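Enquirer: Dumping the structure here so I can ask a few things about it.
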Amino acid sequence: MPSNKSVSDAPIAQFTNCRILRDHRLQREDLWVREGKILNPEKLFFDEKGSADIQLDCKGSIIAPGFIDVQINGGFGVDFSLATDDFKSGIKLVSQKILSHGVTSFCPTLVTSPPSVYHQVLPQIGVRNGGAHGAGILGAHLEGPFISKEKKGAHPEHCIRTFEAGAFQDLLATYGSLDGVRIVTLAPEIKRSSEVIQELTKRGICVSLGHSVANLSQAEEAVQHGATFITHLFNAMLPFHHRDPGIVGLLTSDKIPAGRRVFYGMISDGIHTNPAALRIAHRAHPKGLVLVTDAIAGMGLAPGRHTLGQQVVEIDGLNTYIAGTKTLSGSVATMDTCVRHFLEATGCSVETALEAASLHPAQLLGIEHKKGTLDYDSDADFLMLNDSLYVQATYIAGEEVWRQDVLGM
Amino acid sequence: MRLVILEDYDQASEWAAKYICNRIIQFKPSQGRYFTLGLPTGNTPLGCYKKLIEYHKNGDLSFRYVKTFNMDEYVGLPRNHPESYHSYMWNNFFKHIDIDPNNAHILDGNAPDLQAECDAFEKKIEEAGGIDLFVGGIGPDGHIAFNEPGSSLSSRTRLKTLAMDTILANAKYFDGDLSKVPTMALTVGVGTVMDAREVMILITGAHKAFALYKAIEEGVNHMWTVSAFQQHPRTIFVCDEDATLELRVKTVKYFKG
């Protein structure tokens, strides 16, 4: 190709011999990147008379947008709900390690904790772009402490709170600050939650319903006040009942405000949800499904005992329980494992499985104009995968930040 | 005139592509000595473009020293509209080959001064040394480019209003909604194409058969503008069997040799 330097200083990369996920389909198209963004090659050709500086042969790989994990409690021995001295290096370690799982952006999640933990930890979680140093941080996901004691799951009961006289002010005092907070999970049946939901929504924070015994109308009211997400559907909520579907009923509720969509997180590790239940949810509301790992500190480590905030958990294979009980507590699944399991369990298309981990979380957080797709001008956060959806390489802002070792390490 | 009759669309496309490929290779284009190609759009040349791309990907054909001039473009359609001829050329040809973007010329249907745009296009062709091989198609109404029935046979690049036949034929690309189809286009003139050193017209399908008959078995007539090429010293009509359905058996036998 003729030299391009007169057109633009920033090098233009053309990824060829690949299938890209665009417009909900895998298409035989090249991917063009410049200055960390996906480039429109037709515009480059006709408007700038430009062409590629570098061409990379992807050898038939699938190129998909980077995965976005909106519920991850830690991993590799790091627990985001533990206020340690080396918290910052802990979060850096996790953000680096999850690149190999295909995650390019995530929301570090804190389970129900005492206020001191929030006050110490939250200021250390900075929203920042990803890169070679690790996946980007979109903001914290605060799962609790305003949840139901009856559906605490692995959360410590003594830290669970309700809203007192101050409602939103109580929440603010508990967390210390909402800077860098992206998602808050709460139980909508708690008194005064409606005004809290409204205040959080006003501040651009995504409100999620979870760890709750709410019935369907309470859940619908919460949605009307601004809630848009359900934390790990089926888990830590009332089971579906045909006369009161509870929170699960939001998937097919007709009381969702026009133009809004309710999203729901699913841990498709094969343990938290029976595949049949996964299929029911997916078929009822396919566009709302968001894959999450809900991974805990033990993810990536050998089986055994690890901490999850104020609790101790035991890992045995893919199962994680509160030590000595049969109560599930987070998972050790990786995001790419979840995507593959979801594909297999539902028999859905590759496109659907990939979008559940990229497009849908981006839509949930209202950032789909720059993340979660391979649309022109989006951030060039993408993955190269083989046909079985194993991640071969991870790119952030157009730079390769992880590549599978030839030896498969 | 040469009339080359192939059995079906695929063979006609391949023959045409091979001819273009050979012409370019024989010319031995190089820095400062470009091969200039006139190019069409529409359904008919798609097979030919696919073959040319194949030859390029095999390493047999490079467009590095080829300049192209497209025949036409709609007026008022945004350049990135999926039905614009810019989109057509990018998706069906340019993005698959190694042509220098500076050498790919297509009329700009959104230029502020349309006639000036047409005049500039004629000038660019002249500066490129004229067209070595102009590849074209034929409309069901016998038009070449958008030189609709009644166009002057000595016309140059200009703005044309599209005939109802053409608008109806194009409706299928605009969801069948006639109101969405552009009504005007910029097009090279019949005279512009006649100036090319060699012309190759691709005609396939039974729906083009009557136009082919009018173009080569009847007289030169401005109602069937492709007929002008009866007076061009080097024209090849490449067609499939179906396109010959309205020709005399005698004509077909003569050209099949």
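Cβ coordinates come from backbone N, Cα and C, glycine included.
Just so you know, TrEMBL annotations are computer predictions that nobody has curated.
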Enquirer: Which single residue out of A:H133, A:H272, A:H306, A:H360 does TrEMBL record at the substrate site shared with A:A154, A:N235, A:A236, A:R243, A:L328, A:S329, A:G330?
Expert: A:H272
Enquirer: Among A:H119, A:H158, A:H211, A:H242, which is the one TrEMBL gives for the Zn(2+) site where A:E143, A:H232 also bind?
Expert: A:H211
Enquirer: With every protein chain in view, how many other Cβ atoms are within 10 Å of the Cβ of A:N235 (substrate binding site)?
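Expert: So the Cβ neighbour count for A:N235 (substrate binding site) comes to 17.
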Enquirer: In whole Å, note down how far the CA of A:H211 (Zn(2+) binding site) lies from the CA of A:N235 (substrate binding site).
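Expert: Cα-Cα distance, A:N235 (substrate binding site) to A:H211 (Zn(2+) binding site): 8 Å.
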Enquirer: With DSSP assignments reduced to helix, strand and coil, which class does A:E143 (Zn(2+) binding site) get?
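Expert: The residue in question, A:E143 (Zn(2+) binding site), is strand (DSSP, three-state).
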Enquirer: Greatest CA-CA distance (Å) over the residues A:A154, A:N235, A:A236, A:R243, A:H272, A:L328, A:S329, A:G330 that the record ties to substrate?
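Expert: Site span for substrate, by Cα atoms: 30 Å.
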Enquirer: Taking the centroid of the Cβ atoms of A:E143, A:H211, A:H232 (Zn(2+) site), which other same-chain residues have Cβ within 8 Å of it?
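Expert: Apart from A:E143, A:H211, A:H232, the close residues are A:Q71, A:V111, A:G144, A:I147, A:G153, A:H155, A:T185, A:S208, A:G210, A:T231, A:N235, A:A236, A:D294.
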Enquirer: Any idea which of the binding-site residues A:H211, A:H232, A:R243, A:H272 has the thinnest Cβ neighbourhood at 10 Å?
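Expert: So among A:H211, A:H232, A:R243, A:H272, the binding-site residues given, the one with the fewest Cβ atoms within 10 Å is A:R243.
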Enquirer: Looking only at C-alpha atoms, tell me how far A:E143 (Zn(2+) binding site) is from A:H272 (substrate binding site), rounded to the nearest Å.
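Expert: Here the two Cα atoms lie 17 Å apart.
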